[in-house]
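Have a look at this one.
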Amino acid sequence: MWKGSRVLPVDARIFGSCLCSILGVSSSTECSCGRNHFTCAVSAFGECTCIPAQWQCDGDNDCGDHSDEDGCMLPTCSPLDFHCDNGKCIRRSWVCDGDNDCEDDSDEQDCPPRECEEDEFSCQNGYCIRSLWHCDGDNDCGDNSDEQCDMRKCSEKEFRCSDGSCIAEHWFCDGDTDCKDGSDEENCPSDVPAATCSLEEFQCAYGRCILDIYHCDGDDDCGDWSDESDCSSHQPCRSGEFMCNSGLCINAGWRCDGDSDCDDQSDERNCTTSMCTADQFRCKSGRCVRLSWRCDGEDDCSDNSDEENCENTGTPQCAPDQFLCGNGRCIGQRKLCNGANDCGDGSDESPHQNCRPRTGEENCNVNNGGCAQKCQMARGMVQCTCHTGYRLLEDGRSCQDVNECAEEGYCSQGCTNSEGGFQCWCEQGYELRPDKRSCKALGPEPVLLFANRIDIRQVLPHRSEYTLLLNNLENAIALDFHHSKELVFWSDVTLDRIMRANLNGSNVEEVVSTGLESPGGLAIDWIHDKLYWTDSGTSRIEVANLDGTHRKVLLWQNLEKPRAIALHPMEGTIYWTDWGNTPRIEYSNMDGSNRRIIADTHLFWPNGLTIDYAGHRMYWVDAKHHVIERADLDGRNRKAVISQGLPHPFAITVFEDSLYWTDWHTKSINSANKFTGKNQEIIRNKLHFPMDIHTLHPQRQPAGRNRCGANNGGCTHLCLPSSKDYTCACPTGFRKTSSHACAQSLDKFLLFARRMDIRRISFDTDDLSDDVIPLADVRSAVALDWDSKDDYVYWTDVSTDSISRAKWDGSSQEVVVDTSLESPAGLAIDWVTNKLYWTDAGTDRIEVSNTDGTMRTVLIWENLDRPRDIVVDPVGGFMYWTDWGANPKIERAGMDASNRLVIISSNLTWPNGLAIDYESQRLYWADAGMKTIEYASLDGSNRKVLIGSNLPHPFGLTLYGERIYWTDWQAKSIQSADRRTGQARETLQDNLENLMDIHVFHRHRPQVHTPCEVNNGGCSHLCLLAPLPKGYSCTCPTGINLQSDGKTCSHGMTSFLIFARRTDIRMVSLDIPYFADVVVSVNVTMKNTIAIGVDPREGKVYWSDSTLRKISRAALDGSKFEDIITTGKSDFVLGVCFYLVLFLQLARGVSRIEAADLNGANRRTLLSPVQHPYGLTLLDSYIYWTDWQTRSIHRADKDTGANVILVRANLPGLMDIQAVDRARPLGFNKCGFRNGGCSHLCLPHPTGFSCACPTGIQLKRDEQTCDSSPETYLLFSSRASIRRISLDTSDHTDVHIPVPELNNVISLDYDSVDGKIYYTDVFLDVIRRSDLNGSNMETVIGQGLKTTDGLAVDWVARNLYWTDTGRNTVEVARLDGSSRKVLINNSLDEPRAIAVFPKKGYLFWTDWGHIAKIERANLDGSERKILINTDLGWPNGLTLDYDTRRGIVLVESCDLNGKLRQVLVSQVSHPFALTQQDRWIYWTDWQTKSIQRVDKYSGRNKETVLANVEGLMDIIVVSPQRQTGTNACGVNNGGCTHLCFARASDFVCACPDEPDGRPCSTGEFCEHSLGSRKCIMYPCCSLSGEGLHVSYIIGGLLSILFILLLIAAFIIYRHNKSKFTDPGLGNLTYSNPSYRTSTQEVKIETIPKPTMYNQLCYKKETGPDHGYTKEKIKIVEGICLLSSDDSEWDDLKQIRSSRGGILRDHVCMKTDTVSIQASSGSLDDTETEQLLQEEQSECSSVNTAAATPERRGSLPDTGWKHQRKPSTESEV
């Protein structure tokens, strides 16, 4: 609460009035004055004032706020004035001018209507406003008539709240109250599944998920305080903080201070009187407040004890039209010199007030009573008054102009005073409202943009529009925007990042990602395009370009906890708050100059800060004092605006005449008048956690002069504005080379690691600010070094166990070494030979490599015990290292590991940092255990302590110039001292956690000439320096031996272990005396390498990756990588078995390793128990195995299992292992000579070898050669692949055909003539073709397609037919895609499968549409006929049996005429496509993910050909017998120039829809007709006269045969009078998923079997609760009517006789459960209809009606709904 309410000392008995202090009550509280007194209105500060009753309505402002004169009838105004209804007098010229001058609108009543302009809106009160202001949310008319608007309609993706506002649809019933009235969380279903929170989230009591960091943070983030319950075990508060019972952490100094800072008041419980400090005052309550608050006129103690016994030194201020009495009281001006002692001390009537004696003869009629303006008689005396706009002077006669502009808030922005009046005006970008006092911003409607921790939202302040801008944020605190660039910026204090995005929420990107600790404030310079931010963690204010480049620490001195920040780019100034130990508000120029404190009293938590650019003021909130204040931009005229009802204000913004702020406690956004604090309103409440807030409007970022101009002021880097000009500035650490230019690089800087980052402090500048090097994925950096020659910085990371490097500016970052490291704690660069040395405390090794990580080798591996730091001396050829082990020591050896020597071994505990002084030949070290910094000569002699005090825990150490620098863990600082004396200690940086290694980067390292400079010293690999006289030595990479010449290394390992580790393959050499694993550097990503094999003769390693599903190989050095098997199987296992060793997992859980002879005899246990062995191998006398649980490789004797040792440890993901000795003889290859004579595979066996063929291909009779492909095989698609299954062999293994670029293949067909596969890809919307082996892929149709579902090749006429479900067309083109033509485009509703019969000239297709059907037409589209349109669900697959002339279709089918329907297979889950070969029907099934087949004659012998295949689609048979026969188009395309279509007895020529430039003609013998766009040629003759004669003969014979068949069928019918049916068959209805979705979305719905039926007659009215279902889909077959085979008639007779009884009973078939399955081939249409009518009448008593099956569900991407109307049996 703001404690600035001031009470004047008065005495009611003397002065006749009193003031009552009601601090702490709201403005609505009523004050009670005594009798004969009038109570003034309660002030904004909660004060009550009482005046004598007779002073009411006397024309004097006695209350100071005119409340004693409101509504009074004053004496008659002068003739020149207008008398308002409230008694006020105004100028008559102001009447009917549109302004409310009377303040009660009485001067604007009964005025003639004013005509508004065309671009104006006419208010109901007569005002005219801009039309743009109509319905903009602002009450511009004053009577709200411009805002009486219809509520806008919510979009389909929005939810309408009860108050008419719109919110996002997914916010409905999400647990958050997003509507202001809470209607989005009302009437929510109770069965809403509870949210499942992630590991980083906490689940509230009602299911909502919040970030776990908000759990027990003292804030009600859940909304029901469930996140703050049971917080006793939560992490305690930090030092200097007090934990409330609720878990909230507050400043420890607030404990027992009289203020309830905890939300549960626990900080004020059990308090005892405490002693206050010297700078505090102790209240009567025992509370301590600041001493400076004593006698400041404010009740800070809450009991007023800090204001008691104070001398009244202040001068109270009276209103402009009041008189200040000598006793400090304020009275109205009219009471001056009125002959009454109104002040009580006579000062209003004293002679010095020029009060003249009263004569009693004064009269207003004489000389106007001596009054300058108005005169009136009161109590027999003259009383002078003044016109409106004037005030009475002290002489009681004269009048003076009132300066209305001096009254704050009289005008919204600008004010110009005039004699007796005033005029308000607005800044550029604003316009004066009709009230002539307030200003309205031009432009769009303002939007409040605020951070909500987990998201950023926007709300319209004048209406309830509430939208989401960005979500899924971690902890968004501060934000700002750039209106012209349409960008929003925000800081995240959990990620320690500054982000930005477009104002529409797109293009989220990081701007600043390093060196941030708590970026709590953010501000955008929209004129100069700069980003400023505060960081209370680093105690800095920084600036950068909008993209984060050229980052500079602007202010860092005397900053404690900078929080809010605001910019005034027009003035070139920056303002910020600091809530450290000395809270204050400061400002400076935007270049950091001219810094000043503008407020440092009565501040505690100055949180939010904003600037009113139009009003030239600043506003801020104080969360501890619960106040909103304002002041001029220089800090003067400070005043409290709101001091009540502010529990915890956080951020604030201003727009026009309103303030908007967020409050943590109320979780709301509020508003109030910026002048008075009145008109408070809640804009939005029940928010998650409102943080920063801004008004998004162009006037909040007004235009101004760009001081830097268009060329960045000529600056090379940063151009920062100041109050008058600009300053060129450099990024942190870079020195200026001129007034406008900066250095392009750093010459010298202090480099240090801080675990999570690596920083530098430039020695080129004086500010010594640390700057984070922008590096990625630094987790636990420990050791550092550098190389100025290549500008590289090197570091080790003990979390990722890696060594990395990057340029000093963070660029070119790369990992140098990341394998076989366990704790790399020390690092050193040999800058002469470009070598990298490091220690590993985990493996107890010292290793070396080139600086890029290549040619790595182990130098020292014996007698090391936790080696720590390491330094090298290329000048002397030595390296030095510290050892932390049981016997701490410092050792020295040659840089080639020669001449090893312990130089210091006593009085050491934790020897950490090392440094070499080349000038004095000294070695310096820091010991954290001894708490000393010491030095000695390079041989260990002359040891001395340099610094032995005030060293809590030194770690890193380095030398530069005359100074020594070190880091200290416990002091959290970087310090330096004189390197010779240890004196002149300084602290460079403090308050730095997790300090590690330290170095000084410079460019003055000594130049050294070595033998390795010339031809690498003659070494084939590594040339390492050594002490003189040797000078150097050659070394080989790990595992490779040096040859006898001492310079050349072997070509590789001879004997080694090679093992898989899921993501890499490694080798362990058995040629050297230690075990070290080396990664096979294959330049490829491995996911799950599980098995390996080695070809020792070729030097290749083979491995399988079960995740990538491929087998690959490479040379043992990692080169020559290639994938050898990439398709066909989901899991691979490689293995080489040359010694039988069994791994058995026993039932009791004991693992063991056993051995046996190759015939299984002599089984014995070698090792038991073992943890979890996986890979096993053998070499010489040992067995080696990998163990999952120990993550290690072990070795044991192969005969006894004894002598178990650990080969390598700490290897997670261990899989297979092989032991190889390349020097061992390989044995005899039986297939070595000419591959054994085999054309493909030569496979050895114990007695010889045999030849074999690839999968599905048979070996020829010579038993040596194979064909290139199978003769007959299934070809099928599975979205992203095309595969084949041979039908020549019994092995039904699928083989991938390597067709490239497959995305979503649906339909297939092939052309036996050219050997091509044709397929459709609905992802690319193309039709393509390739050779049958997958080569020569090309696009046939590449445009104008939507969803090509069916595809068919006319192998005779060389045409390609396809259906397009998206366009509802059947089209045709030549096989190369030319001559494209639409055949059928009417009465199609989702055509699907398609098939052609070139020999007969027929075209068949299925249609999924509203009325599913199967149709037939000629190949030219003519003579179209519906074959079947009843009892169909989703007719998918369609195939033709060319041998028996039968048509087969899934779900329903017929013969080529649509008759003789017969069920072959029931209980099929979700068939999609089918084909036929020999006696089998094959089909793909989505639900079972399999290919199945069944006997096409009997429907029996159902088999699964291939299982577990995702996304199965089309299937066809490729066979020489499949595409046979010819027609008229088979020879020379029938003479047609473009398209030739064969028909039953002739053919036609056709032209493409789009002319191709070639004339379209069929020859000279045929007539033709031409159209404008297509040309169909009708032949005038057949092929020849002979052909015509033959066709007549064939036609006659067929006609006779057809008549005979009809007669026979009629006789059979009369004899049996029955139908073919199967009562057990039911229909399955299902949703046929879109091809563009996963097959996982297939949903099977079954029709419940009715419980009541009569004579197998199913009832339509089936209850929904019948549990029995029968999932069946029928594959039916048509019986050929054109066949003369008598055996088929015998089959038909057997079927009829076996099913006749059933069919007679089944006389009332319901087509939604049982399909008509009788063959009507023997009946004509009339007889069939009569038969059906008879059967219907027989079952009329059941009262049922037939209906086609209703297909439930819809395609996911189209939303198709298929509703089938019932059809009668007669219609069937």
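Cβ coordinates are placed from backbone N, Cα and C, and glycine is handled just like the others.
Caution: TrEMBL annotation is automatic and unverified by curators.
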Among Cys262, Cys283, Cys288, which cysteine is annotated in TrEMBL as forming a disulphide with Cys276?
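In TrEMBL, Cys276 forms its recorded disulfide with Cys288.
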Under a criterion of Cβ-Cβ distance under 8 Å and sequence separation of at least 6, what residues of the same chain contact Cys318 (disulfide bond)?
Gly64, Leu324, Cys330
Using Cα coordinates, what distance in whole Å links Cys197 (disulfide bond) and Cys128 (disulfide bond)?
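Between the Cα atoms of Cys197 (disulfide bond) and Cys128 (disulfide bond), the distance comes to 56 Å.
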Cys128, Cys179, Cys204, Cys244, Cys301: which of these disulfide-bonded residues has the sparsest Cβ neighbourhood within 10 Å?
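Among the disulfide-bonded residues Cys128, Cys179, Cys204, Cys244, Cys301, the lowest count of other Cβ atoms within 10 Å belongs to Cys128.
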Applying a 10 Å Cβ distance cut-off over all chains shown, what neighbour count does Cys161 (disulfide bond) have?
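I count 21 other Cβ atoms within 10 Å of it.
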Most Cβ neighbours within 10 Å: which of the disulfide-bonded residues Cys111, Cys141, Cys325 is it?
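Top count of Cβ atoms within 10 Å goes to Cys141.
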Determine, to the nearest whole angstrom, how far the Cα atom of Cys161 (disulfide bond) is from the Cα atom of Cys262 (disulfide bond).
35
Within 10 Å of the Cβ of Cys330 (disulfide bond), how many other Cβ atoms can you find? Include all protein chains, please.
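Taking every protein chain into account, the count is 21.
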Rounded to a whole angstrom, what is the C-alpha distance between Cys128 (disulfide bond) and Cys96 (disulfide bond)?
13
Considering only the disulfide-bonded residues Cys123, Cys179, Cys310, Cys325, Cys343, which fall within 10 Å of Cys116 (disulfide bond) when distances are taken between Cα atoms?
Cys123
Taking the Cβ of Cys343 (disulfide bond) as the centre, how many other Cβ atoms fall within a 10 Å radius?
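I count 24 other Cβ atoms within 10 Å of it.
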If one looks at the chain holding Cys310 (disulfide bond), which residues at least 6 apart in sequence have a CB under 8 angstroms from its CB?
Arg294, Cys295
Between the disulfide-bonded residues Cys111, Cys141, Cys301, Cys343, which lies closest to Cys244 (disulfide bond), Cα to Cα?
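Sorting the disulfide-bonded residues by distance from Cys244 (disulfide bond), the top entry is Cys301.
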Between Cys283 (disulfide bond) and Cys343 (disulfide bond), what C-alpha distance do you get in Å?
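Roughly 34 Å, rounded to the nearest whole number.
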Sort out the residues at least 6 away from either end of the repeat 'LDL-receptor class B' (1315-1357), same chain, that have Cβ-Cβ distances under 8 Å to it, and list them.
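Beyond its ends, the repeat 'LDL-receptor class B' (1315-1357) has Cβ neighbours at 1268-1269, 1275, 1277, 1282, 1297-1309, 1363-1367, 1373, 1375-1377, 1380, 1391-1396, 1398-1399, 1403, 1405-1406, 1419, 1438, 1514, 1518, 1523, 1525-1527, 1529-1530, 1533-1534, 1539-1542, 1635-1636.
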Using a Cβ-Cβ cut-off of under 8 Å, list the residues of the same chain that are 6+ residues beyond the ends of the repeat 'LDL-receptor class B' (529-571) and lie near it.
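Same-chain contacts beyond the flanks: 478, 482, 485, 487, 489, 491, 498, 500, 510-513, 515-523, 577-582, 588, 590-592, 595, 606-611, 613, 618, 620, 633, 651, 702, 704-705, 717-718, 720-721, 723, 729-732, 767, 769, 771, 991.
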Have a look at the disulfide-bonded residues Cys57, Cys141, Cys262 and say which one has the shortest Cα distance to Cys325 (disulfide bond).
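That would be Cys57, nearest by Cα distance.
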